[in-house]
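Copied over from TrEMBL:
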type     : residues : note
ACT_SITE : Asp40    : active site
ACT_SITE : Asp233   : active site
DOMAIN   : 22-264   : domain 'Peptidase A1'
Amino acid sequence: SSKKKRASGTNSIINQGADSSFFGTLSIGNPPTSYNVILDTGSSDLWIAGSGCRSCDANTPTFSSSSSTKQVGSSFSITYSSGEAAGQLISDTVSMAGFAVTNQVFAVCNQVSDNLLSSPVSGLMGLAFETISSSGATPWWQNLAQSNAWDEPLMAFQLTRFGADPSAQSEEIGGSFNLGFTNQTLYKGDIDFQAIPDGQETYWIQSLTKLSVNGTQVQLPATSGPSTYAAIDTGTTLIGGPEDVIQGIYAQVPGSRALTGEFL
């Protein structure tokens, strides 16, 4: 049999709300319709807001079916730290950065928590592993990686920062989401690839062996084993962890103080 053609691609992304979220654009259906989606390595489901979404902004594009849309017939729900979404599973062709997955299962959600989406974002693309997929569907990226569609089985983010810029607009250049390659113009030297611990292909898990702030080391609960695991999450703007470790981080930040729930 002939060797399957492989490739790589880049999706330019937008920084929304001074580093609150980063979104890219994908297309669904035949003919294709474009939607902006938060790119989230901390979850594994793709969903788009449906026309019945009451919490969505009036100018937020909602899902429109196409000639290739198929009903899966199962309900869907997912809960994040910032809200939840629920709806029905369907399948269709989903494309991004020149790559297409036919019959990709995803959800159309008419129930979306207030403030979970901000226009012009229509949904969320989970980029973690199938093992934590609420729908049970294989994530879009994993379908591509498993089919050897990419030059290299990897993804890479370059993210901009505007949180400290008082003149930042609601939308700024966000960087890039690279699929199947790493952009060597963005770094020097060789990448030190760190394997996910055995059996932990859920989130993008790394084992922390040392943590320091401005050169001062923060005490960790252990240097090996599950209590050292941390997830790399493009969909979260916070550092989460054991209270004493987080206190140790901010103890090295001049002027920092603990906030109450009213600031969340």
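Just so it is clear, glycine is given a Cβ too, placed from its N, Cα and C backbone atoms.
Since the structure is predicted, the reported quantities are computational estimates derived from the model, not experimental observations.
Ranking the active-site residues Asp40, Asp233 by the number of CB atoms within 10 A of their own CB puts Asp40 at the top. Of the recorded residues, Asp40 (active site) and Asp233 (active site) place their C-alpha atoms 7 Å from one another.
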